[in-house]
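Annotated in TrEMBL:
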type     : residues : note
COMPBIAS : 1-11     : compositional bias 'Low complexity'
COMPBIAS : 12-21    : compositional bias 'Pro residues'
DOMAIN   : 50-178   : domain 'Casparian strip membrane protein'
REGION   : 1-48     : region 'Disordered'
TRANSMEM : 56-75    : transmembrane segment
TRANSMEM : 87-111   : transmembrane segment
TRANSMEM : 123-150  : transmembrane segment
TRANSMEM : 170-188  : transmembrane segment
Amino acid sequence: MRPSRPAVHPVEAPPPAPPTPAQAEGQEQADGEGVTHPRGVRMKDTPGAPGTPAGLGLRLAQTFFAAAALAVMAATNDFPSVSAFSYLVAAAILQCLWSLSLAIVDIYALLVKRSLRNARAVCIFTIGDGITGTLTLGAACASAGITVLIGNDLNICAENHCASFETATAMAFISWFALAPSCILNFWSMASR
């Protein structure tokens, strides 16, 4: 006597029904990698990325603190005599222009509800943030060194504007601290593509 063995027979799925007009509007789209995304749904932007309210806030903070550093340093009459302070003024001008232009781009993107996740735009933002961030940090560090030299080592603060130099240096550092998250988020966004 032979025991019976279970037989496995494949069952075919019924063919899909044609979509109704309401379903056709919400139909999914496939991208180049075979992943499907619902039509009209986008991934949320990272807070602080270009084109977001947090990104706009970071850009405005960068602009404000760089402009404050520039204004405080320019208010002294003897900053051109030290090359590090002249470098700080030049870096602050560049930081102001760069951050203000990107703040305007962010405002435009928010007003028209447009995403700034374009690969070229993110690459330009990352390179620009890297260059201006490096220049701003270098200028702030050089100015801090000269300020310490004037104030602590040479003890000639009575003849100079040490408080103004320290304030401008602090504003440049704060501007760089506001720039660092933008640079990191842009680099992360560019690297994750």
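Cβ from N, Cα, C; glycine included.
Note: TrEMBL annotation is automatic and uncurated.
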Excluding the flanking five residues on each side, which residues at least 6 beyond the ends of the transmembrane segment (56-75) place their CB within less than 8 Å of a CB in that stretch?
48, 85, 88-89, 92-93, 95-96, 99-100, 102-103, 106-107, 110, 136, 164-165, 167-169, 171-172, 174-175, 178-179, 181-182
By DSSP, how many residues in the domain 'Casparian strip membrane protein' (50-178) are helix, how many strand, and how many coil?
107 helix, 0 strand, 22 coil
